[in-house]
Amino acid sequence: MDHVLNPEEKVSQTNSESGGADGAFQHVKGEHSSPKLSASEKSLPGNTKSPLKRKAAEPDSPPKRPRLEEGHGSLVVTHYNELPETGLEIRSQSRIFHLRNFNNWMKSALIGEFVEKVQQRTRNITVLDLGCGKGGDLLKWRKGGISKLVCTDIADVSVKQCEQRYKDMKRKSRNERIFEAEFLTSDSTKELLSEKYIDPEIKFDICSCQFVYHYSFETYEQADTMLRNACERLCPGGFFIGTTPDGFELVKRLEASDTNSFGNDVYTVTFEKKGKYPLFGCKYDFSLEEVVNVPEFLVYFPVLVEMAKKYQMKLIYKKTFREFFEEKVKNDEQKMLLKRMKALESYPAAPNTKLVSGRTEDYEHAQKMVENGQIKLPLGTLSKSEWDATSIYLLFAFEKQA
């Protein structure tokens, strides 16, 4: 795989055919303009003035919160607890094998970038993995040479699997020094982690929250509690990093749809209605190939930026997956990692193998590159359906101010 098909190359070709309406990595137009909000939706419950100004000025001690209902948290727990463990052989046969690897590569590049930043001031790195799942990022932290990792998730089965993965990794490491680890089952949208740490005074250099934070936007209280858990124990100069669906992109695609749903054969997003998008509790159902629907909530990113100021957090960047990919793929080390992780599919398919998508139109962008005759084969790409699915996400990074 000597040439990596850049999404921008794909977009430019797709746009030339479709008039630029639906490129796989198209930017949201008018990104700084908010989705349509009713007057009542521009305020949070109990506020008579701008909620964002009020939140930024709130004291460090949180206000007394009303008792929250169970909400959708139990659905999320059930969903992730019931996901079966599958081996590499089974995963490699999946329609979204390369898509999953691509998203995993994005996390690797993001985590690696900020571990390097922290290493410039300390080698004794402590990390909070907020929404650790089954431990998919353990090897990334091992590669980063961190000293301590706290893993927490709402799903108890996932936390147990994460802990077992850690024990297996440590057992196989022989003489290699492996970071210490702590495992907590907790709903980080409703419970304070600071009351559960083994070391009550622990401080973190990095909090990583991958494909999880959007679950907290069910209510302001939940989003604020999760943000507090992510940020309140960060050292000055520490980072809160993560990946989350891009609310602007989701709304743009919904508004362009004739129904309350959009997607393709890989993913589907379904909203209850269109036209009004409250700041919190804007629920939609997201389904990915081979994965049952699970409710998620729209994240209006400017609100997150304002809320983070309460915890002395400053946004240092927000990038779409397209932007981040274009930046990182220029790095030879990241490009090699992309290949090792099988994050892109080889095109044309190798002898005696098939492309993951049977639809010819899914590879029109790659075929055009081949027809140009100016690249060395095979090239690395994703099917158009997979590019469309992964392009709903963005990456973010906040820094704790002194």
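Backbone N, Cα and C define each Cβ position, glycine as well.
Keep in mind that what you see is a predicted model, and the values were worked out from it rather than measured.
As recorded in Swiss-Prot, the features of this protein are as follows:
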BINDING   Asn103, Asn104  mRNA binding site
BINDING   Lys107, Gly131, Asp153, Asp187, Gln210, Tyr215  S-adenosyl-L-methionine binding site
COMPBIAS  35-50  compositional bias 'Polar residues'
DOMAIN    94-401  domain 'mRNA cap 0 methyltransferase'
REGION    1-75  region 'Disordered'
SITE      Lys134  site 'mRNA cap binding'
SITE      Lys140  site 'mRNA cap binding'
SITE      Arg165  site 'mRNA cap binding'
SITE      His214  site 'mRNA cap binding'
SITE      Glu296  site 'mRNA cap binding'
SITE      Tyr393  site 'mRNA cap binding'
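Counting only same-chain residues six or more apart in sequence, the Cβ atoms lying under 8 angstroms from the Cβ of Gly131 (S-adenosyl-L-methionine binding site) belong to Thr152, Asp153, Ile154, Ser188, Cys209, Gln210, Phe211, Val212, Tyr213. Summary for the binding-site residues Asn103, Asn104, Gln210: the Cβ-based neighbour count within 10 Å is maximal at Gln210.
Using a 10 Å Cα-Cα cut-off around Glu296 (site 'mRNA cap binding'), the binding-site residues Asn103, Asn104, Asp187, Tyr215 reduce to Tyr215. Long-range Cβ neighbours of His214 (site 'mRNA cap binding') (same chain, at least 6 residues apart, Cβ-Cβ under 8 Å): Thr244, Pro245, Glu296, Phe297, Leu298, Val299. Of Asn103, Asn104, Lys134, Lys140, Tyr215, all annotated as recorded positions, the residue with the shortest Cα distance to Arg165 (site 'mRNA cap binding') is Lys134. Cα-Cα distance from Tyr215 (S-adenosyl-L-methionine binding site) to Asn104 (mRNA binding site): 19 Å (rounded to the nearest whole number). Mean pLDDT for the domain 'mRNA cap 0 methyltransferase' (94-401) in this predicted model: 94. Counting in whole angstrom, Tyr393 (site 'mRNA cap binding') lies 23 from Asp187 (S-adenosyl-L-methionine binding site) by their C-alpha atoms. Classification of Asp187 (S-adenosyl-L-methionine binding site) by DSSP places it in coil, neither helical nor stranded.
With Lys107, Gly131, Asp153, Asp187, Gln210, Tyr215 listed as the residues that bind S-adenosyl-L-methionine, the site has a largest C-alpha separation of 22 Å. Taking a C-beta cut-off of under 8 Å and a sequence gap of six or more, Lys140 (site 'mRNA cap binding') has these contacts in its own chain: Lys107, Ser108, Ile111, Gly112. The DSSP secondary structure for Tyr393 (site 'mRNA cap binding') is strand.
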